[in-house]
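Some features that Swiss-Prot has for this protein:
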ACT_SITE  Glu92  active site, proton acceptor
DOMAIN    98-336  domain 'Radical SAM core'
BINDING   Cys112, Cys116, Cys119  [4Fe-4S] cluster binding site
BINDING   Gly164, Glu165, Ser196, Ser219, Leu220, His221, Asn297  S-adenosyl-L-methionine binding site
ACT_SITE  Cys341  active site, S-methylcysteine intermediate
Amino acid sequence: MNKPSIYGLTLEQMTEWLSHQGHKPFRAKQVWDWLYRKRVTTFAEMTNVNKDCLELLDQSFAIDSMTQAVKQESADGTIKFLFKLYDGSLIETVLMRHKYGLSVCVTTQVGCNIGCSFCASGLIKKSRDLSAGEIVEQIMNVQHHLDAVGKEERVSHVVVMGIGEPFDNFDNMVDFLNVIKDHNGLAIGARHITVSTSGLADKIYKFADLKLQVNLAISLHAPNNELRTQIMKINRAIPLEKLMPAIDYYVKTTNRKITIEYILLRGVNDQKAQAIELAKLFEDKRHLTYVNLIPYNPVDEHGQYQRSTSEDISTFYDTLKKNGLNCGVRLEHGTDIDAACGQLRSKQIKKDTVAAK
């Protein structure tokens, strides 16, 4: 029987669970210290926790529910990990180096059902949600790697932009956020965390009401319904008429800036007229809007799309700026490895399938 990951419990939940099992509440703080400060990888290493408590934890929880299957390192310091879960499923996690610190991109689902026509993540459909513990454990595995190579570095930023739709796994995603933000543990600042959604409007309202101080990014990729439906099938169910009011509510409720993710596809959504249309869509909240322009990473299975030319990227950027919309072009990481989200996982599954025949 599979045991849940110990990393899925918030400090409050762990305190409550241990108390119900007859242990003193302070044991939870001790365990958390071992997990997140000393970062041990076995329960046996928790030397100031009594034997009965350790045996109970070991019987009830896993501290290593996933194993590293593949690791790719880029010349720029980016590392892409492929982890194998207890059920054999594969997920991706990426470590990126920035001037401001180390950022980890985590996965929230095994596969994805959103079906964006340019994305490698949706090549294999969703089979299940990840638990909160499995999401946290991705960060811990990256941190353990950093500890092992002796760099004395810590993960300082987190982006929830890996495989899957985070808002389709809402409760586990929120538990994950509460674990990594806790000052008793990883203590990753809320403003150093960004969650991305393809636009599940009802969950955007819910997320706004939580007022977590976490950054929100919307994967928009088109300034009108016709084009967005063409490249993102979710727009059929949640068109801009439903999405934009949710974005308005988020901005007004939180008074926080929102990031608009916009992947540039040559001849599809990268022309000046579309930049003007995008600027108009956000003109009433442009002071709280930032557009992240993303050069396309080609995916073999999506050969219909090509990367925009540098001239078209510059024109799009300049047009947004001239129309009062703050924007930037995303700095690329890991271009010499399987950089596109879901690409490494898809290749490994194909490789395993061929080997099994």
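A Cβ is built for glycine as well, from the same backbone N, Cα and C atoms used for every other residue.
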*Given the model, what does the mean pLDDT over the domain 'Radical SAM core' (98-336) come out as?*
95
*Among the binding-site residues Glu165, Ser219, Leu220, Asn297, whose Cα is within 10 A of the Cα of Cys119 ([4Fe-4S] cluster binding site)?*
Asn297
*Where among the binding-site residues Ser196, Ser219, Asn297 do you find the Cβ with the fewest other Cβ atoms within 10 Å?*
Asn297
*May I ask you to report the DSSP-based helix, strand or coil state of Ser219 (S-adenosyl-L-methionine binding site)?*
strand
_Of Cys112, Cys116, Cys119, Leu220 (the binding-site residues), the residue whose Cβ has the fewest other Cβ atoms within 10 Å_ = Cys116
*asked:* Can you tell me the CA-to-CA distance separating the residue listed as 'active site, proton acceptor' and Cys112 ([4Fe-4S] cluster binding site), as a whole number of Å?
replied: 13
*Far apart in sequence but close in space: which same-chain residues, 6 or more away, have a Cβ under 8 Å from Glu165 (S-adenosyl-L-methionine binding site)?*
Thr108, Gln109, Cys112, Asn113, Ile114, Thr197, Ser198, Leu200
_Whole-number Å value for how far Cys116 ([4Fe-4S] cluster binding site) lies from Gly164 (S-adenosyl-L-methionine binding site) (Cα to Cα)_ = 11
*asked:* Taking the Cβ of each of the recorded positions and counting other Cβ atoms inside 10 Å, which one has the highest number: Glu92, Gly164, His221?
replied: Gly164
